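Below is one structure; the comments refer to it alone.
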Amino acid sequence: MLFRKPHNRKSSHSKDTDDHDHDKQLRLCEYHELPEWYRLQESPFIVTNYRPPSNSFQSCIHSLAYLHNETMNVWTHLLPAITLAFALPLLQLNISRIYADAPWTDRFMLTLTPMAALLTMSLSGSYHTFNNHSPLVSSSCLLMDFAGILVLILCSFVSGIYVGFYNHPFERQLYWSMIGLLTAISTLLVLHPRLQGPKYRPHRTSAFVSTVLSGFAPTFHGMYVHGVNKGFHECGAKWWLVEGLWYAIGVVFFVTRFPERWSWSATGGDGVWFRRGRFDVWGGSHQIFHVCVVLGAACHCWGVWEAWTFAV
């Protein structure tokens, strides 16, 4: 066994029962063995290394210590969240010390997206940790995961528009109103109880993508206001365009479910990289999507900083 509880004075029968329960918790399943509520939230192209339903928060947390098909989905967002939890107080202290004369709104906007990213990645890591608990806990965590994505989108827009149109209050209010309306519509489409499940996955994805794509409007408008060259190189536009590229790459992997979907059409033989189940634990599309989200959020933060230093 990978894990053993310390020896205690329980009877041998009690110890055997505990070991049996522990072995059951560590046993990994295949897709076809999962109950229907579990299968509906998972990709049929990921076929092995599922944790069985646990009905135990302790068991879910314990699964952080061994390898299964959610391990990388958890840690690709949990590690950045832990990093941000330690870095954010230091960042805020340094900003307050170095830029003590800056308005509090400026200092707040500089840390808004990192704070939103901390929340988003924490909720994402929590969902992938607890999604085998039970139908209620799994669906609740999934909705919080969706809400976290919406928070990151909204806060990224708010901070980017604030610094991009720092001296243009009308444009700033215009684009804040736009993103507020789009986020409200997306929230309805994504979180409505009747629009859950795999049937509405394309609708939810379209809502997220449409809201993110609207970011091109203020970005290109800002380049027009400041001048293309200055807007691109000094006002954050280049970082926000790279941010959009990372998100676009992530969405392509998310929607196409490449590479695990391609492994299903493998012809066998020596094609190790494309055998069925090859990407169940390592290198799956959702893991790549998570990494792209982290990189996109980092680019956005850098763009906000660059645009703010230009504006002030």
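Cβ coordinates come from backbone N, Cα and C, glycine included.
The feature Zn(2+) binding site is assigned by TrEMBL to His128, His286, His290. Neighbour count (other Cβ atoms within 10 Å of the Cβ, all protein chains): 26 for His128 (Zn(2+) binding site). According to DSSP, His128 (Zn(2+) binding site) sits within a helical segment.
Positions annotated as compositional bias 'Basic residues' by TrEMBL: 1-12.
The region 'Disordered' annotation in TrEMBL covers 1-21.
The feature transmembrane segment is assigned by TrEMBL to 74-95 (among others).
The annotation transmembrane segment is assigned in TrEMBL to 107-130 (among others).
According to TrEMBL, the feature transmembrane segment maps to 142-162 (among others).
Residues or ranges marked as transmembrane segment by TrEMBL: 174-195 (among others). Long-range Cβ contacts of the transmembrane segment (174-195) within its own chain (Cβ-Cβ under 8 Å, at least 6 residues beyond either end) map to 143, 146-147, 150, 153-154, 157-158, 161, 165, 203-204, 207-208, 210-211, 214, 217-218, 221.
Taken from TrEMBL, the feature transmembrane segment applies to 207-225 (among others). Long-range contacts of the transmembrane segment (207-225) within the same chain: residues 149-150, 153, 156-157, 160-161, 164-165, 168, 171, 175, 178-179, 182-183, 185-186, 189-190, 231-232, 235-237, 240-241, 244, 247, 251, each at least 6 residues beyond the stretch ends and with a Cβ under 8 Å from a Cβ of the stretch.
Beyond the transmembrane segment (237-255), the same-chain residues lying 6 or more positions past its ends with a Cβ under 8 Å from any Cβ of the stretch are 156, 160, 205, 208-209, 212, 215-216, 219, 222-223, 231, 285-286, 288-293, 295-297, 299-300, 302-303, 306. Taken from TrEMBL, the feature transmembrane segment applies to 237-255 (among others).
The binding-site residues examined here are His286, His290; by Cβ neighbour count within 10 Å, the least packed of them is His286.
One way to see the shell of the Zn(2+) site is to take the Cβ centroid of His128, His286, His290; the remaining same-chain residues with a Cβ within 8 Å of it are Glu70, Met72, Asn73, Val74, Thr76, His77, Ser124, Gln287, Phe289.
A Cβ distance under 8 Å defines the sequence-distant neighbours of the transmembrane segment (107-130), meaning residues of its chain 6+ beyond its ends; these are 57, 60-61, 63-64, 70, 73-75, 77-78, 80-81, 84-85, 87-88, 91-92, 95-96, 99, 137-138, 141-142, 144-145, 147-149, 151-152, 154-156, 158-159, 162-163, 290, 293-294, 297, 300-301, 304-305, 308.
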